[in-house]
Amino acid sequence: MEHAAPLAVPLGQAEVFQALQRLHMTIFSQSVSPCGKFLAAGNNYGQIAIFSLSAALSSEAKEESKKPVVVFHAHDGPVYSMVSTDRHLLSAGDGEVKGWLWAEILKKGCKELWRRQPPYRTSLEVPEINALLLVPKENSLILAGGDCQLHSMDLETGAFTRALRGHTDYIHCLALRERSPEVLSGGEDGAVRLWDLRIAKEVQTIEVYKHEECSRPHNGRWIGCLATDSDWMVCGGGPALTLWHLRSSTPTTVFPIRAPQKHVTFYQDLILSAGQGCCVNHWQLSGELKAQVPGSSPGLLSLSLNQQPAAPECKVLTASGNSCRVDVFTNLGYRAFSLSF
């Protein structure tokens, strides 16, 4: 039996541990800073890394520019979701949401500003919080996940003001219809539910898997991603990625992709989606696949569009998932480079 040649420089235990961590890393969530120049990425080890987009995109960028400017331990379990307000980074893990001041994070001071736990039915419950959604009109935050409820939190007082119940299994994703304001939620039960926040009630239910053109029983009924644009919604997961007219609850376009999709977003006249497989898919609303742009991860879980007006030079699409890398697309048509934990 042949033996591998010994390494010239023996790696210390810490280096071996870090290499193994990177090998098995999943980046679940991303959020752009209010100034548009930094990107936060949260992984399965409870770490949040802050990358400088402005440094990585600079003409003088070096390899070091693609590494985090700071990494800190935020949660005991995975960082499933993150959003940013004009001052704060909010992160969600198992059973709680935490608030961090962007200004302090960037000074490399990583103390949480506050933490909140939604009122769960039993003290033994520690369900994951899969999705966070800001509702600017009422200065609130919606949290949803493993306890099958949507919890609304007042961002000024930190108080939980209501719980919306209707899902029969855990919730994967949230989206906002701003004009109303109404919130859409998608879950493991195969339903997309529409909630009117003014009356705190469910006003519409679409059971996607019951529509023959969308149903894919071999993949299950779960809804893993959704996005909305006025009267239109796109959602996918177990069922096919499909564009819906909300007012009539009608599926209008079924997108021809077999792999379950984990993230979807409207962008200009396109729909961008990603999931199993390394590609970011660009769809016309008609269902035509305009482009498939490969990235460096074998599967994608999160897409983030940096459209902060304060930093037009940092206008990029970033994609992350089953690796330690965040792919950066400066032009939607190709991957320019990758940031790495």
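First residue shown is number 1, and so on along the chain.
The backbone N, Cα and C atoms fix where each Cβ goes, glycine too.
Since the structure is predicted, the reported quantities are computational estimates derived from the model, not experimental observations.
Per Swiss-Prot, phosphoserine is recorded for S180, and the stated evidence type is similarity to another entry. Annotation note: S180 (phosphoserine) sits in a coil segment as assigned by DSSP.
Per Swiss-Prot, the feature repeat 'WD 1' maps to 22-61; the stated evidence is similarity to another entry. Applying DSSP to the repeat 'WD 1' (22-61) sorts its residues as follows: 7 helix, 18 strand, 15 coil.
Long-range contacts of the repeat 'WD 2' (74-112) within the same chain, counting only residues at least 6 positions beyond its ends with a Cβ under 8 Å from a Cβ of the stretch, are 26, 28-35, 38, 40, 42-48, 50, 120, 125-134, 141, 143, 145, 153, 155. The repeat 'WD 2' annotation in Swiss-Prot covers 74-112 and rests on similarity to another entry.
Taken from Swiss-Prot, the feature repeat 'WD 3' covers 124-165. Within the model, the repeat 'WD 3' (124-165) shows a mean pLDDT value of 96, rounded to a whole number.
Sequence annotations record features per position, and here Swiss-Prot assigns repeat 'WD 4' to 166-205.
Annotation comment: Swiss-Prot describes 215-254 as repeat 'WD 5'.
With helix defined as DSSP H, G or I and strand as E or B, the repeat 'WD 6' (256-293) counts 0 helix, 26 strand, 12 coil. Among the features that Swiss-Prot reports, repeat 'WD 6' is placed at 256-293, with the record citing similarity to another entry.
Look at Swiss-Prot and you will find 295-339 tagged as repeat 'WD 7', backed by similarity to another entry.
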Using a Cβ cut-off under 8 Å, which residues of the same chain at least 6 positions beyond either end of the repeat 'WD 1' (22-61) come close to it?
67-87, 89, 91, 93, 102, 105-106, 301-302, 304, 306, 308-311, 313-314, 316, 318, 320-326, 328, 330, 337, 339-341
Going along the chain, which residues at least six beyond the ends of the repeat 'WD 5' (215-254) come within the CB cut-off of under 8 Å?
172-177, 179, 184, 186-192, 194, 204, 206, 208-209, 260-266, 271, 273, 275, 283, 285-287
Just counting, how many other CB atoms are there within 10 A of the CB of S180 (phosphoserine)?
14
Chain residues outside the repeat 'WD 6' (256-293) and at least six past its termini with a C-beta under 8 angstroms from it:
219, 224-229, 232, 234-238, 240-241, 243, 299-303, 305, 317, 319, 321, 329, 332-335
